[in-house]
Amino acid sequence: MNYIAAAIAIMGAAIGAGYGNGQVISKTIESMARQPEMSGQLRTTMFIGVALVEAVPILGVVIALILVFAV
């Protein structure tokens with residue numbers, strides 16, 4: 001049962017992060033197309049946003065490992 005819970009935790013985190021990264025990058029590219037002179041600042045902000053979104057699957061993996069190796 002712990003393995004199923006771990007798999008669901010990782011799956012949910014991966015799907016959510018994939019969707020979130022897609023939205024962040026999509027909106028950044030859209031903004032760069034509207035204002036090319038802001039592309040440097042937008043790119044920096046995008047990388048920060050992607051890093052924050054990627055924290056979710058990392059936490060999902062940690063929770064999954066706790067579920068699998070819990071006594």
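Cβ atoms are placed via backbone N, Cα and C, with glycine included.
All protein chains included, Glu54 (site 'Reversibly protonated during proton transport') registers 13 other Cβ atoms within 10 Å of its own Cβ. In this structure, Glu54 (site 'Reversibly protonated during proton transport') is part of a helix by DSSP. The site 'Reversibly protonated during proton transport' annotation in Swiss-Prot covers Glu54 and rests on sequence analysis.
As annotated by Swiss-Prot, transmembrane segment applies to 4-24 (among others), with the evidence given as sequence analysis.
Counting residues 6+ beyond its ends, the transmembrane segment (47-67) has Cβ neighbours under 8 Å at 2, 5-7, 9-10, 12-14, 16-17, 20-21, 24-25, 28 in the same chain. The transmembrane segment feature in Swiss-Prot is assigned to 47-67 (among others); the stated evidence is sequence analysis.
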